[in-house]
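Trainee: Have a look at this one before I ask anything.
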Amino acid sequence: MEATTLSVSSTSPAVNAFQLVFHIDVFLLALAGVFALFALPRAVARFSRAAEWRQGHILRAIPLERRAPRPPIRSVQSPSAGPSTADNLTSEESHTLHSEAHLIRHPAAKKEGWSLPPHVCAWSSRVPTFANILRYRLDAGFSVGQALILVIYSAALVYAGFLKSNPFADPLRTGFVAMSQIPVVYLLATKNNILGIFLGLGYEKLNYIHRFAGTLLVIASNVHSIGYIYQWTIDHTFSKNIRMSPHIWAFVALVAVDLIYLFSIPFFRRRAYNLFYYSHVVLFVLFLPAIHAHQPGVWPYVIAAAGIISLDYLIRLMKTRVFNARIRPIPDLMLTRIEVPQLNAGWRAGQHVRLRVLSSAMGWIGWAESHPFTIATATKTPEGMVLLCKKTGGWTGRLYDMAKAAGYGSDEGAYGRTVQVMIEGPYGGPGHCVFASYSAAIFVVGGSGITFALSAVQDILQRDSEGASRVKIIEVIWSVQDSASLNPLVPQLTALIQQSIYTPLKISVHYTRTSEKPAGKDFLPPGLTLTAGRPRIAKVLDAVMSRAVSYGSNVKASLDITGVVVGVCGPTGMGDDVAHVISQVDGGRRWAVGGIEMHEE
């Protein structure tokens, strides 16, 4: 709220406030650089393969190669063995449904060398004790490691605000602190931020820092304003100062940043997402010129923030595609299946896109709404990109109703209808973690989180058929409320099991809602089980680790044990449970298997 004529020298004479906050920003940048250096070895290993440069950045269409017919599916039991009891075993009790001969006689071994992805252990595998401490959950979805980052960040700003200064006697200092964090808040708000690129993290993984940094900016701005209002009131100059143009713009900026915070609270994000989103966009744009009109000296920070947000929107425009898609309902799952066969490349397993449905049936502004959905297929498949959209609110409800009301289309009798969609992405994903570089992979998912597992398993099996995967064991644990949720996905899950010729795939579905015996349970294919109750994740992890260790001595050196990756996608509590299970693994067993790494989507 200070007048534009105030200079830096009006603060404590022993401290140059402008240089102080600049050095704080340099410190924060150096801290981010340290994290980037820790991630560098995995980044180098990932991008050492040319294929990785083409995946995970820009969606595109490529011609598909004609593949030779698949070899006959192996039999999981001898013809004379009599009725199989495999269907009566849970995932934790049965781990021998597939022959293990493929671990030694992989077809790719006949080629001129292997094309296996390089593997670099994460730091969590190198220092598991320290990693377990950082992974410990203080609250749902909030770990000690995240809390430590926020403590360091807030300590740096508190130091800048209180060093030889009293925020109420010297309100200009807190104004400088708020000013210095403008680029940080804008950077972490973007979908394509440089920090995430270097750290190998999606924007959603850094969003908790964005929210915290924004909160500190709001606090500093209000303390700065209240300090000047207090001084003007004591000096009886409030009426005079409030009429000055720089101070009017100061109030505009203050109202803008306070409204951004107000509409960011969980109530508005859950109940009125459009209000939250559009208020952010409009007020973010208003805030920058207002703060510059208030104090022209902040122009470097304003230019930096404007450049960051402009670059983000330019990249988002480059990553946007418009295609016709076919939508159809899946009533048992209350999902809408969206198929875009024209898009078949450019993403990595586990990534998501932001979807707009360009149809008047979505409502007055529904066509302009953008919602994130995980891609449910791997690249280079005939079906192209597939999204499964859970009916959870107004927008997804209208989408589901539109698909359900379409009935049978006129073209080839296909069920559903064709709509025009705008797809932006891909975003997020496993970062520098390459699922195919581990010895074993476990995917623990809940509800619509099965889309994450479907794409990851497809990708691993696809790579394995090309001799480009180290994975020897794949386990999928899917938790649903109702056993009927399995019915529409049985064909697809069966196809995945049949495709796992060289790497055994086991899928266990657990339902928590008490009901009669599910129809069709006795007719599930080997490798797919349906069980009542919560999954025993610890037992599955223990069994997978034992198998991975036992396989390690039977394969060629290039297939040495490279650890177990555990992918999680579901409710927040599911990630917390899996993190707790991993932390309980004995250090010796963890070392023997090459480490255990967890990825939450």
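Keep in mind that glycine also has a Cβ here, set from the backbone N, Cα and C atoms.
This is the feature table in TrEMBL:
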COMPBIAS  75-91  compositional bias 'Polar residues'
DOMAIN    315-433  domain 'FAD-binding FR-type'
REGION    70-92  region 'Disordered'
TRANSMEM  20-40  transmembrane segment
TRANSMEM  140-162  transmembrane segment
TRANSMEM  182-201  transmembrane segment
TRANSMEM  208-228  transmembrane segment
TRANSMEM  248-268  transmembrane segment
TRANSMEM  275-292  transmembrane segment
TRANSMEM  298-318  transmembrane segment
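Help me picture these features in the structure, burial and contacts included.
Mentor: Secondary structure of the domain 'FAD-binding FR-type' (315-433), assigned with DSSP and counted as helix (H, G, I), strand (E, B) and coil, comes to 23 helix, 50 strand, 46 coil.
Same-chain neighbours of the transmembrane segment (20-40): 123, 152-153, 156-157, 159-160, 163, 176-177, 179-180, 183-184, 195, 198-200, 431-432, counting only residues six or more beyond its ends whose CB sits under 8 Å from a CB of the stretch.
Note on the transmembrane segment (140-162): residues 20-21, 24, 27-28, 31, 133-134, 173-174, 176-177, 180-181, 208-209, 212-213, 216, 220, 572-573, 575-576, 579 of its chain, located 6 or more positions outside it, place their CB under 8 angstroms from a CB of the stretch.
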Trainee: Would you kindly list the residues that approach the transmembrane segment (208-228) from elsewhere in its chain, counting only those six or more residues past its ends and only Cβ-Cβ distances under 8 Å?
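Mentor: Residues packing against the transmembrane segment (208-228) from afar: 1-2, 142, 146, 149-150, 153-154, 157, 161, 167-172, 174-175, 177-178, 181-182, 184-185, 188-189, 241, 250-251, 253-254, 257-258, 260-261, 264.
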Trainee: Give the nonlocal contacts of the transmembrane segment (248-268) in its own chain as ranges (CB under 8 Å, at least six residues past its ends).
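Mentor: Contacts with the transmembrane segment (248-268): 1, 211, 214-215, 217-218, 221-222, 225, 242, 275-276, 279-280, 283-284, 286-287, 290-291, 293-295.
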Trainee: In the same chain, who gets a Cβ under 8 Å from the transmembrane segment (182-201) while lying at least 6 residues past its ends?
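Mentor: Residues packing against the transmembrane segment (182-201) from afar: 25, 28, 32, 35-36, 39, 42-43, 207, 209-210, 213-214, 217, 280, 284, 288, 291, 298, 301-302, 304-305, 308-309, 311-312, 315-316, 319, 354, 427, 431-433.
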Trainee: Restricting to the domain 'FAD-binding FR-type' (315-433), report the mean pLDDT as a whole number.
Mentor: 88
